[in-house]
Amino acid sequence: MASVSSATFSGHGARSLLQFLRLVGQLKRVPRTGWVYRNVQRPESVSDHMYRMAVMAMVIKDDRLNKDRCVRLALVHDMAECIVGDIAPADNIPKEEKHRREEEAMKQITQLLPEDLRKELYELWEEYETQSSAEAKFVKQLDQCEMILQASEYEDLEHKPGRLQDFYDSTAGKFNHPEIVQLVSELEAERSTNIAAAASEPHS
């Protein structure tokens, strides 16, 4: 697999790279739809979500995995959303149609890159979509874990413990990586404490 650092750009190639960077830069301005639908103020962007996922891929221990590949998967897995937007379950778009739109978007995005990078980024996206490797399965759990961590943070910021329970419900039973299970357990314990404390406070 070619390394991203191996590519060189000049002339027309540099213009295409600039176009690619502007395109993926739109992810900074694509809000995560689930938060929008729940009326979260100043919801995070898709880029925000993928950044913390990439950090999680770096720091959550698993010597059996290719961690460099995990980071790359985290950075690419939602890249198509710079064109198609963040399609949420509440949008009621069939999974096959969502995949078709994102596949077309990834082909459009990667067309701006040299052949080796085009192949690498598209194959990373496809690997995540098909969950065809241990690394892809790990990153999928990071995706879910990052989401509920963000939900907890929004509850804290709003001083409304438990308001985003449906995000937790949607991930029930989906974690099996030992380190992620431990992290989720700690998060849920903290959150349960906050919910209990809020329930015991006298209401004015």
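Just so you know, glycine gets a Cβ as well, placed from its N, Cα and C.
As given in Swiss-Prot:
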BINDING   HIS49, HIS77, ASP78, ASP143  divalent metal cation 1 binding site
BINDING   GLU81, ASP86, ILE87  divalent metal cation 2 binding site
DOMAIN    46-148  domain 'HD'
MOD_RES   ALA2  N-acetylalanine
MOD_RES   SER3  phosphoserine
MOD_RES   SER5  phosphoserine
MOD_RES   SER204  phosphoserine
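The structure, with features from Swiss-Prot marked on it.
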residue	record	Cβ contacts under 8 Å, 6 or more apart
HIS49	divalent metal cation 1 binding site	ARG32, ASP78, GLU146, MET147, GLN150
HIS77	divalent metal cation 1 binding site	MET50, MET53, LEU124, TRP125, TYR128, VAL139, ASP143
GLU81	divalent metal cation 2 binding site	LEU27, VAL30, VAL46, ILE87, GLU102, ALA105
ASP86	divalent metal cation 2 binding site	VAL30, PRO31, ARG32, THR33, GLY34, VAL46, ASP78
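Highlighted in sequence order, VAL46, MET50, MET53, ALA74, GLU146 have their Cβ within 8 Å of the centre of the Cβ atoms of HIS49, HIS77, ASP78, ASP143, the residues recorded for divalent metal cation 1, and are not part of that set. Other than the site residues GLU81, ASP86, ILE87, same-chain residues with C-beta atoms no more than 8 angstroms from the centre of those residues' C-beta atoms, the divalent metal cation 2 site, are VAL30, THR33, VAL46, ASP78, ALA80, VAL84, GLY85, ALA88. With helix defined as DSSP H, G or I and strand as E or B, the domain 'HD' (46-148) counts 78 helix, 0 strand, 25 coil. Around the Cβ of ILE87 (divalent metal cation 2 binding site), the number of neighbouring Cβ atoms within 10 Å comes to 17. Take the CB of ASP143 (divalent metal cation 1 binding site) and look out to 10 A: across all protein chains shown you find 20 other CB atoms.
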